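Annotation comment: TrEMBL describes 20-41, 218-238, 245-263, 301-322, 342-365, 438-465, 486-508, 548-571, 583-607, 623-643 as transmembrane segment.
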Amino acid sequence: MDEGASPNAAPLLPRGCTDVICCVFLLLAIVGYVAVGIIAWTHGDPRKVIYPTDSRGEFCGQKGTKNENKPYLFYFNIVKCASPLVLLEFQCPTPQICVEKCPDRYLTYLNARSSRDFEYYKQFCVPGFKDNKGVAEVLRDGDCPAVLIPSKPLARRCFPAIHAHKGVLMVGNETTYEDGHGSRKNITDLVEGAKKANGVLEARQLAMRIFEDYTVSWYWIIIGLVIAMAMSLLFIILLRFLAGIMVWVMIIMVILVLGYGIFHCYVEYSRLRGEAGSDVSLVDLGFQTDFRVYLHLRQTWLAFMIILSILEVIIILLLIFLRKRILIAIALIKEASRAVGYVMCSLLYPLVTFFLLCLCIAYWASTAVFLSTSNEAVYKIFDDSSCSLTAKTCNPETFPSSNESRLCPNARCQFAFYGGESGYHRALLGLQIFNAFMFFWLANFVLALGQVTLAGAFASYYWALRKPDDLPAFPLFSAFGRALRYHTGSLAFGALILAIVQIIRVILEYLDQRLKAVENKFAKCLMTCLKCCFWCLEKFIKFLNRNAYIMIAIYGTNFCTSARNAFFLLMRNIIRVAVLDKVTDFLFLLGKLLIVGSVGILAFFFFTHRIRIVQDTAPPLNYYWVPILTVIVGSYLIAHGFFSVYGMCVDTLFLCFCEDLERNDGSQERPYFMSPELRDILLKGSAEEGKRAEAEE
């Protein structure tokens, strides 16, 4: 901006398009992204993720197929799924068929054949099975399972219904089972085999229990999130009129909430004294899927109490040492409250950002699923004996009459996984990387658009000499229009730089996972250093981009010029940055903790049946921490959305304040644009900091 230009019109100066080349690149990339999505949607089949697949690669429970009424996958011998081949091929080396329902009784093929249960048994044999073979031939050819075991569906797959009765592991009402060759084995062997076969059976059970908790508590979770939204909105409104009082109330409430948490942990710690098993250490207990077990240990509550005490002490010490700076920060928050009051619709803008991010996430996720399911069915030879042709590809239609079938009489041509050898299939990894990169680019662009829009609206407030008379009629919509019309290229440029760093971090994480099995200390050290460096680089770029976007909103310069001007402006006011910007961030963090802590405590008392709302009570849950953690995380995101508007307002006003000090001197010819209250306390605080810095030198 020219030195002679009036800052009163700074945000509204006639502008030109900036970083046009980056805008063109973004549009071309979006066209390519749409093309990748169309290709993925043409070749992909998400049913491969949703529905289980039998030994012939056919879906179970899919409408329009012959297995439409057979939604569950049944394993002939689930113990064989414990084979290491499962980890390599993601398919059990045993016949699998789609069934209408899982077995509900214990029955062997030998017993069923000579009883009235044979018709029931045949529904678990391969499709088209005809009883024209001997028992040995049927079991050898894998036409029917040797034994049926009571099972329950889990993720549309039939797993043995294992439970304990008086300390004895049982399946149904049996403690032993017949292996199909006339001998009986202990059910514990089957249990261990089933656990190995699933590999993540306990994790799936945990996931199913968590899913059940969500199905019975989702409406209470929504109520908790609505309460968090109401508290956040009320807090922001009160902050508009009672900024100083609300900040101190917020500080005191955070200290009290943490204090209550420490007191509650101490009460639970004392209550468990002398109870049997409460002195077991966390290390000795190990990992348990039922997290409620940990709440019966004294060591758990002691750890919680120590963590909360440390957090309480840190906050109190920070408040003691930052008490004068907090007064200055409160003045800046008061000014931000006035700005937000004149641009109240800015509080709703995070909903626009949230909606656009949801679109980005939905497009990325759907494209990723279609890409990952665009492979073709690959069939391989499975044989329990030592056959040299095992794991070779085969054709299930011609396999019975092929030479491979004669060389390995006991072998089966069975669906193994989805893959392919064409050029498209070889390019899938690159397409997935491009999909992830475009997601980062577009998501960062959406966030940048929100930051420039809010910064433009609040800058219009600051540079209005007569507030609010000089404000535009619709400052938020005007800023949004300017950002899209003139600065799409600049936003794309900043988002591109950040996306490149983020995709590099993703690749480093992938390589780190692949190198975990390598015992090379130098490689691990190098990988750790690279991950740390790129993490720091990402944080720095985010900080620089945020301030560059503010300068773009104010002056309309391109990204590089704005980033350079913002960086040097902050460096020239580094003391004020440390005093004001970070202290206000700390105060906003306390506000988020207050809202999250209040809603979290309310959720804890409700879901643990310690309070009731009217006549309703909390539903019975497997893990009461599931809805509590969901409410806590959701409350933080909601509070962060509201406070992010205030944060952007404070950053914009702070940068405008620094620019105002350098451009003007308070005279009638060059008056300050800041409010008198803000000028008095900020200039006074800055003078005190300057004197202190000179004394230290």
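The backbone N, Cα and C atoms fix where each Cβ goes, glycine too.
For the transmembrane segment (20-41), the partner stretch with the most Cβ pairs below 8 Å, chosen from 218-238, 245-263, 486-508, is 486-508. Counting C-beta pairs under 8 angstroms (sequence separation of 6 or more), the transmembrane segment (245-263) fails to reach the transmembrane segment (486-508), with fewer than 3 such pairs. Outside the transmembrane segment (623-643), and at least 6 residues removed from its termini, the chain residues within Cβ reach (under 8 Å) are 209-210, 213-214, 217, 220-221, 224-225, 228-229, 232-233, 235-236, 290-292, 347, 350-351, 354, 588, 591-592, 595-596, 599-600, 603-604, 607-608.
The transmembrane segment (218-238) makes no contact with the transmembrane segment (438-465): fewer than 3 of their CB pairs lie within 8 A, with pairs spaced 6 or more apart in sequence. Only residues 6 or more beyond the boundaries of the transmembrane segment (301-322), in the same chain, are considered here, and those with a CB under 8 A from a CB of the stretch are 251, 254-255, 258-259, 261-262, 265-266, 268-269, 272, 282, 295, 583, 586, 590.
Within its own chain, the transmembrane segment (486-508) has Cβ neighbours under 8 Å at 15-26, 433, 436-437, 440-442, 444-445, 447-449, 452, 527, 530-531, 534-535, 537-538, 541-542, 545, 548-549, 552, 556, 558-560, 562-563, counting only residues six or more beyond its boundaries.
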